[in-house]
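Engineer: Below: one structure in structure tokens.
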């Protein structure tokens, strides 16, 4: 594992920006800023005509590091320790589970908790606990 | 215009992920690593990301939802269910395992692609496959007989 610095101020500020984006999306489109739902709806079955808007939102997510690099001249460190097999298994589980559970960290954790949704509270507690249990097994059970 | 606004909102979201540190899987895994508390390697930063995001969203949603309708749409599309079924536990449990294995949830994984990370591309390709598979399985006739709505994205 790689040690990381505790960054309460930057994390609070970045979190506030995520919240601002969620509020702006609700103001503009009337929809929850849940990344798993937005990403999953880029694929069939299509239920509405919002494809272009969703693609634009995802493009914005992908373009964000480009903007940060342009403005600040660099990017913060990003360390991905997982190998290819773990990336594939982790990606499959993340995609399947977030859709099966109707949302991920943004849809349930940010928007759902802000709306005081009981389902989102159950979902958030569950994925936090599952994530913690997984890391515990990976790091401390060998 | 609406498309451009949604691109800009995605940008703000992504910048938030980068500024907060959530775009770094090492930081996420160190937050999830409660076993690291005794050794002092636990990174509590993610709790501050959640606190900042929920505080702004809680206040902002209250203000926005008091308006008659969104700026570019005819109405607000809000989830209305509040029942606890098997899916709302099983789905997040599966997602949580994937999150704990790599340190990516869907938003940061997409933003990581813009870092030029090949690992992120592999993860996102698998994630998309998992998403399509989940909706396909949910729409199978043998399942839709017992579960409504069929699509877990309809809440």
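Indices start at 1 and increase along the chain as displayed.
Glycine is treated like the rest: Cβ placed from N, Cα and C.
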Engineer: When you get a sec, could you say which of A:82-100, A:101-119 is annotated transmembrane segment by TrEMBL?
Structural biologist: A:82-100
Engineer: When you scan the chain for residues with a C-beta under 8 Å from the transmembrane segment (A:121-141), skipping those not six or more beyond its ends, what do you find?
Structural biologist: 1, 97, 101-105, 108-109, 112-113
